[in-house]
């Protein structure tokens with residue numbers, strides 16, 4: 001829009017084309033929008049979402065998490081795939097893990113991998129285990145050293161566990177699997193074998 005000056009007065013010229021008129025209406029509408037209020041509300045919502053995500057992260061890492069174990073080592077207690085389990089992250093820090101509990105732990109062989117195993121012995125316990133379950137009846141007895149636990153899969157024929165890598169430092173335990181929430185047919189507490 002061109003606005004000519006006439007003897008000190010500014011006289012707006014009506015747009016001659018329909019597109020110029022549409023543009024003029026658009027500019028007036030934009031000028032009427034409360035941009036500062038919208039920006040303030042958007043930043044408040046963004047901050048609230050960030051705080052919510054932080055809270056979810058803290059709870060899932062330090063209080064209660066969800067685990068999706070896979071593989072045959074914990075058959076029949078856990079399915080090969082498809083189970084969704086609640087994982088108590090407080091119990092390991094409080095020392096509330098004992099024989100019979102199913103735990104999540106960092107693999108001593110590959111620290112990038114998290115595995116699910118059953119605790120069979122705590123520090124000072126004597127554990128007798130089959131040396132080669134599939135081929136012989138030979139057993140071996142060990143005493144679990146201080147600060148360690150002995151873990152094994154329920155399916156001893158298809159589990160890489162303390163029989164291969166020895167006692168596991170207690171600090172590698174990341175959670176205690178306490179409750180199955182999926183599949184619906186098996187919802188409930190996880191069996192504790194002692």
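Even glycines carry a Cβ here, placed using N, Cα and C.
Pulled from TrEMBL:
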type     : residues : note
ACT_SITE : 73       : active site
ACT_SITE : 117      : active site
DOMAIN   : 49-130   : domain 'Peptidase S26'
DOMAIN   : 139-182  : domain 'Peptidase S26'
**Request:** Give the distance between the Cα atoms of residue 73 (active site) and residue 117 (active site), rounded to the nearest whole Å.
**Result:** 8
**Item:** Integer average pLDDT (0 to 100) for the domain 'Peptidase S26' (139-182)
**Value:** 94
**Message:** Within its own chain, what residues at least 6 apart in sequence put their Cβ under 8 Å from the Cβ of residue 117 (active site), listed in sequence order?
**Reply:** 73, 74, 102, 103, 105, 151, 152, 153, 159, 161, 162
**Cβ neighbour count (within 10 Å, all chains shown) around residue 73 (active site)** = 23
**Complete:** Using DSSP three-state counts, the residues of the domain 'Peptidase S26' (49-130) come to 22 helix, 27 strand, 33 coil
